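Inspection log for the structure reproduced underneath, given as structure tokens.
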Amino acid sequence: MHPVRLTQLARGGGCACKIPAGELEQLVSGLRLDPGAHHDHVLVGLDDGDDAAAVRIEGGVALLSTADFFTPMVDDPYDWGRIAAANALSDVYAMGGTPVVAINLVGWPRDVLGTDLLQQVLQGGLDVATAAGCPVLGGHSIDAPEPLYGMAVTGTADPARLMRNDAAAAGLPISLTKPLGVGILNNRAKATGRTSAEAVESMTALNADAARAALDAGVVAATDVTGFGLLGHLFKMCRASGVAARVEAAAAPYLPGAREALAAGHVPGGSRRNLDWVRPHLASGPGIGEDDLLLLADAQTSGGLLVVGEVPGAPVVGRTLPAGELGDGVLIEVV
Ligand SMILES: Nc1ncnc2c1ncn2[C@@H]1O[C@H](COP(=O)(O)OP(=O)(O)OP(=O)(O)O)[C@@H](O)[C@H]1O
Ligand SMILES: [Mg+2]
């Protein structure tokens, strides 16, 4: 057990501490662009809550901008830094881009924690960004009651080859590049101090290779599975793209121990909220229980890419369908 249990200093942890999807959408819907202003260079804006903003800049390049920070989801400061960086970089990969520069975002209770632990957090972030070929060239740090860490990341992409969440076509396989269950396993770790090495390994892994493989396969629609869970992010993608989807619960990959941790009652509030949010648009076949749905809705931190298409080595977890195929208002069926 760590001498300082970072997870005990925050109410939520990781992407499970995000503002619930429905509330966030309501909040953001008030932030429309001024219709009188000319923003011809905007490629991806706020309309569909995609992973990063994209604007066309001189030379025809798409510039991507995204930021992510959150409270600790593990007790080890170095691991937390690595996870936060992999998660922040992921939104650039999910758009089909290459990260070019990152800056640190820090909130720190100096009186309680001192700054040695923060140094380790920042080192973790730097090491992962370095592995991604992305220099960390600045940041912003405030004294705050709960520890917060993340990054703002800028990337570039070919505007013709962005992977968007509103570009999914019907009749295609859906692939998932990392196993699910980190929300549940982190919740158990917070309660018991027992961390999952597999969860940490998964959360610190970059989505760079997965994104490259998806681009090489000609994929045009993808997103990363983070705080809203597979069901939440798939719902957003279906709604934005005007398609429906069937998910095969038995095909979804899970981290070892996730099912057992769920059975023992370790479910983040965010995962339950995700399921409640999607439920009005969800149908499930016989044999699919509440636990299957909770696993599929589990709030991930630094999860994998959800790709409409096939990616070598990644399991196919479902298929997109024409809109309306599942009945009025139903966008996802779990079988
Ligand atoms: N305070 C805010 N103001 C404006 N837009 C916001 C704000 N918070 C979130 N958004 C926007 O809402 C959408 C959904 O945000 P969300 O953080 O879920 O996306 P995301 O970055 O893909 O998530 P993740 O980092 O967990 O993958 C995005 O388009 C994001 O830019
Ligand atoms: Mg995202």
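Glycine is no exception: its Cβ is also placed from the backbone N, Cα and C atoms.
Curation does not apply to TrEMBL; its annotations are automatic.
Matching ASP91, ASP111, ASP116, ASP209 to the ATP binding residues that TrEMBL gives (LYS18, ASP48, GLY49, ASP50, ASP68, GLY139, HIS140, SER141) identifies ASP91. Residues ASP51, ASP91 are recorded by TrEMBL as Mg(2+) binders, and the candidate that the same record lists for that site, out of ASP166, ASP216, ASP224, is ASP224. Close to the recorded Mg(2+) site, the chain also has ASP50, ALA52, THR66, SER90, VAL92, TYR93, ALA94, MET95, THR223, THR226: residues not among ASP51, ASP91, ASP224 whose Cβ is within 8 Å of the site's Cβ mean position. Least packed by the Cβ count within 10 Å, out of the binding-site residues GLY49, GLY139, is GLY139. Ligand 2 lies within reach of ASP51 from the binding-site residues LYS18, GLY49, ASP51, SER141, judged by a C-beta closer than 6 angstroms to any of its atoms. If you check the binding-site residues ASP68, GLY139, SER141 against ASP91 (Mg(2+) binding site), the ones with a Cα inside 10 Å of its Cα are ASP68. Spanning the listed ATP site, residues LYS18, ASP48, GLY49, ASP50, ASP68, ASP91, GLY139, HIS140, SER141 have a farthest Cα to Cα distance of 30 Å. Among the binding-site residues GLY49, ASP51, GLY139, SER141, residues whose Cβ is positioned under 6 Å from ligand 1 are identified as GLY49, ASP51. The Cβ of LYS18 (ATP binding site) lies under 8 Å from the Cβ of LEU24, PHE70, THR226, GLY227, PHE228, GLY270, ALA299, each on the same chain and at least six residues away in sequence.
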